[in-house]
Amino acid sequence: MSLIIDGKKIAKEIEIELTAKVSSMENAPRLSVVQIGDDPASASYIKAKANAASRVGIHLTHHHLPIETSIEELKSLVNDLNESEDGLIIQLPIPKKLEPVLEMIKPENDVDGFHSENLGKLVQGISGMTPCTPAGIIELLYRSGNDPEGKHVVIVGRSTIVGTPLSLLLSQKGVDATVTLCHSRTKYLEEHCKEADILVAAVGKANMITKDMVKPGAIIIDVGVNRTSEGLVGDVSTEVKEVASQITPVPGGVGPMTVVMLMSNTVKSALEN
Ligand code: GUN
């Protein structure tokens, strides 16, 4: 049976460090979260972010706009918040026609790390805002005693917000993992997964990683958040616990790390800008 990597507990440790930092700042860092429409998952993520901000001492403002919001209205709000806030995020998903506005968030305020300038810095190994879920996974590995240096990490899922930036972070000098990035067109997925010392599942498909895909003793990071009739489940089937050495739970694994890294990026932005 595998050990649980307790993301909730590790996120709490980071939260305590951030709270101390914020208490020594003259002004509370300011974070605005823009929500468009009424996606239930977005509402639940924003609630978690607001609760964390309140514990850390970050001043969070939630701007809730109707789904009919025009691109001009959203641009105008983003322009205002670019000036007043340390951090600004637009909770995804948003209607496709509004997506160009994501690039209008000032890169130094882009605490989600989604702006092309921040993703470009990541490619070049220059310090910028790092996307929260990949940054959270790196912290989770180090703080659970699993230095990825020299390890073969197999990531399943090449999204712009998780799989692709995580592959860049892990292969950076100083982190030094060897990375295989798998996706929907990968042939022999099972064989690739079985080679992993550390397997990261970030697809968004309930229970898609089964125990026959996992090397005995591997470390499993489950990024999936799938709402099913049985409740919230990850991308990794529960039977994987029989073969893995360590595994992140869903909920309580990567999710709290994403939230605390957003707090960390907001504090960083307030200190640097
Ligand atoms: N939707 C799901 N995850 C995220 C996230 O990390 N940031 C934003 N802005 N939207 C999301």
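Every residue gets a Cβ built from N, Cα and C, even glycine.
Because TrEMBL annotations are produced automatically, they should be read as predictions rather than curated entries.
The NADP(+) binding site annotation in TrEMBL covers GLY157, ARG158, SER159, VAL225. Taken residue by residue with DSSP, VAL225 (NADP(+) binding site) is part of neither helix nor strand, so it is coil. There are 20 other CB atoms within 10 A of the CB of VAL225 (NADP(+) binding site), with all protein chains counted.
Taken through DSSP, the domain 'Tetrahydrofolate dehydrogenase/cyclohydrolase catalytic' (5-112) splits into 60 helix, 18 strand, 30 coil. For 5-112, the entry in TrEMBL reads domain 'Tetrahydrofolate dehydrogenase/cyclohydrolase catalytic'.
Averaged over the domain 'Tetrahydrofolate dehydrogenase/cyclohydrolase NAD(P)-binding' (131-271), the predicted model reaches a pLDDT of 98. Feature annotation from TrEMBL assigns domain 'Tetrahydrofolate dehydrogenase/cyclohydrolase NAD(P)-binding' to 131-271.
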For ARG158 (NADP(+) binding site), just give me the three-state DSSP call.
coil
Same-chain residues at least 6 apart in sequence whose Cβ lies under 8 Å from GLY157 (NADP(+) binding site)
GLY163, CYS182, HIS183, VAL200, ALA201, ALA202, VAL203, GLY204, VAL223, ASP235
Looking at Cβ-Cβ distances, which residues of the chain lie under 8 angstroms from ARG158 (NADP(+) binding site) while being 6 or more apart from it?
THR164, SER167, LEU181, CYS182, HIS183
